[in-house]
Amino acid sequence: MIKKIAILTSGGDCPGMNVALKAIVNAAINNNIEPYVVFEGYKGLYDNNFEKITKEEVKFIDRKGGTVIYSARFPQFKELEIRKQAVNNLKAEGIEALICIGGDGTYMGAAKLTEMGIKTIALPGTIDNDISSTDYTIGFNTALETIVRAVDNLRDTSESHNRINLVEVMGHGCGDLAINAAIITGAEVLSTPERKLDVKQIIEKLKKSDSKRSKIVMISEYIYKDLNKVAQEIEKATGQETKATILGHIQRGGSANPIERLLTIRMANYAIKMLIKGKNGVAVNITDNKLNTKDILEIVKMKRPSKEELLKEYDKSI
Ligand code: ATP
């Protein structure tokens, strides 16, 4: 029976990381497991920066955005010697298992620790929804809400001033945030990694649009080098004032919405249940509203699910 576990958040932060931390601490203590927190992800493991945590200390953190135990990009963790130090630090404290909350990079770190004798369970913490084994990642729902509110605000002012607005959203190569936000906000044009448009095609679509005044062009990050230049080209070709808005890190902030909190608590409780059952080197998923686990090494090799159905939904809605 596992007696001590540690919890870390790693990679890009997302709404819900604190909810996950609180739920894991509660579930662990309720099962007579002592929880520790690691500060700054894998960097904290290497720096021996972890401490024991109580239920009282996490009581109110679920209302906060970001991650109270911090996150870090620590590429050095790919080096075996660095990981050996981290494993030694964990073993010196008697910690046998680690719950890692993060994206696919975080998953890789967890898989490597499993190979080195530390039991690991990962939770999908990323706004991008780019982990193929799960329908939803922690953070996606809240980030989508943030985007929708921002685009609704842009729509108000664009309609008043007869403007086209290009809106760039995150996704790290996955179109889920952009496609879903485009459906919800009725964006007139959509360009995502799964269906990239060149500037000419965007202009054609804008010219054909039924919208008389404001037009929103929803764009995933990394598609165009310079969004302001794209806006200038569009303005020249359409004769309509065109602005570019990059939502950026605003999408990562804020406290998790209720649906996100519920999903996260369910995933966290399940993670502890699976750990007690002896699962190791796996990540928690939700598929068709059912919780399950899959080997991390299988997950990182999985192909991205097709977005065709979702794109068809967009086409029908516009
Ligand atoms: P996001 O999707 O939000 O970017 P992420 O978890 O994918 O989150 P990364 O920066 O890619 O973010 O990875 C987080 C951390 O995981 C890295 O900083 C590094 O410490 C560790 N990591 C990533 N890849 C590996 C690997 N191949 N081996 C060991 N550790 C890794």
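Backbone N, Cα and C define each Cβ position, glycine as well.
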Practice prompt. Could you look at Gly12, Gly171, Gly173, Gly175 and say which one TrEMBL places alongside Arg73, Phe74, Gly103, Asp104, Gly105, Thr106 in the ATP site?
Written response: Gly12
Practice prompt. Among Arg155, Arg195, indicate the single residue that TrEMBL lists for the ADP site containing Gly186, Ala187, Glu188, Lys212, Arg213, Ser214.
Written response: Arg155
Worksheet item: Looking at TrEMBL, Thr126, Ile127, Asp128, Arg163, Met170, Gly171, His172, Lys243, His249, Ile250, Gln251, Arg252 are annotated for substrate. Which of Glu145, Glu194, Glu221 sits in that same site?
Response: Glu221
Practice prompt. Starting from the ATP site formed by Gly12, Arg73, Phe74, Gly103, Asp104, Gly105, Thr106, give every other residue of that chain whose CB sits within 8 Å of the mean position of their CB atoms, in sequence order.
Written response: Ser10, Gly11, Gly41, Gly102, Gly109
Worksheet, complete the sentence: If we take the Cα of Thr126 (substrate binding site) and draw a 10 Å sphere, the binding-site residues of Gly12, Arg73, Asp104 inside it are Gly12, Asp104
Item to complete: From the binding-site residues listed here (Arg73, Asp104, Arg155, Arg213, Ile250), select those whose CB sits under 6 A from an atom of ligand 1.
Response: Arg73, Asp104
Response to the item:
On the domain 'Phosphofructokinase' (4-275), the mean of the pLDDT values is 98
Worksheet item: What is the nearest of the binding-site residues Phe74, Asp104, Arg155, Gly186, Lys212 to Arg252 (substrate binding site), using the Cα of each?
Response: Asp104
Discussion item. I want to verify one value. Collapsing DSSP to three states, which class is Arg252 (substrate binding site)?
Written reply: helix
